[in-house]
Amino acid sequence: MGLSDGEWQLVLNVWGKVEADLAGHGQEVLIRLFKGHPETLEKFDKFKHLKSEDEMKGSEDLKKHGNTVLTALGGILKKKGKHEAELKPLAQSHATKHKIPIKYLEFISEAIIQVLQSKHPGDFGADAQGAMKRALELFRNDIAAKYKELGFQG
C-alpha cells in the first residue's frame, strides 16, 4: 500500500535536510551499516579492507559511494512510489552484478532511519519516522518483486 500525500511530504521534508550533505549522510549510513552488520562489508571490494570506524571515516571512496547511494534513493523517493523507471536498472545491477540480498536493503534502511534520528531529531519525529519506514519498505518490496522477475532469490 502506498503512502498518503501527507506522508510523502514528511519524507521529502526530511530528505531536503539530507540533500544539504548527501556525502556526509551517505558515509554515516554506510558506516552504521558496516558496523551493525559486518557481513555486508564483504559485498564491497573497495571497502573490505576498512576495518575500523576511523578508517571508514577517512575513506573518500566510502564517502563517494554514500553520496551515490543516497542520490539514487533520493531520486526514487521524489517519485512518490511511481519509481518503476528508476528502480529497474537499480534492481538489475543489485541482483545480477552485485548480488545484494533484500535483507541487506533492510539493514541499510535501518541505518538510514538511525542516521536521520541522530542528525535531524527536530525534523524526524514519530510521524516522519513512520512515513520514512513505509517509503523504504515500499522501495524494498518493489525491488524484491524485480529481483523475482530476474530470477534472483535475494
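Cβ from N, Cα, C; glycine included.
The following features are taken from Swiss-Prot:
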- HIS65: nitrite binding site (BINDING)
- HIS65: O2 binding site (BINDING)
- HIS94: heme b binding site (BINDING)
- 2-148: domain 'Globin' (DOMAIN)
- SER4: phosphoserine (MOD_RES)
- THR68: phosphothreonine (MOD_RES)
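This view paints the features noted in Swiss-Prot onto the structure.
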| residue | record | Cβ neighbours (10 Å) |
| --- | --- | --- |
| SER4 | phosphoserine | 11 |
| HIS65 | nitrite binding site | 18 |
| THR68 | phosphothreonine | 13 |
| HIS94 | heme b binding site | 22 |
Checked against DSSP, the composition of the domain 'Globin' (2-148) is 114 helix, 0 strand, 33 coil
Average model confidence [pLDDT] within the domain 'Globin' (2-148): 96
HIS65 (nitrite binding site) versus HIS94 (heme b binding site) - Cα distance in angstrom: 14
Cα of the residue listed as 'phosphothreonine' to Cα of the residue listed as 'phosphoserine', in Å and rounded, measures 27
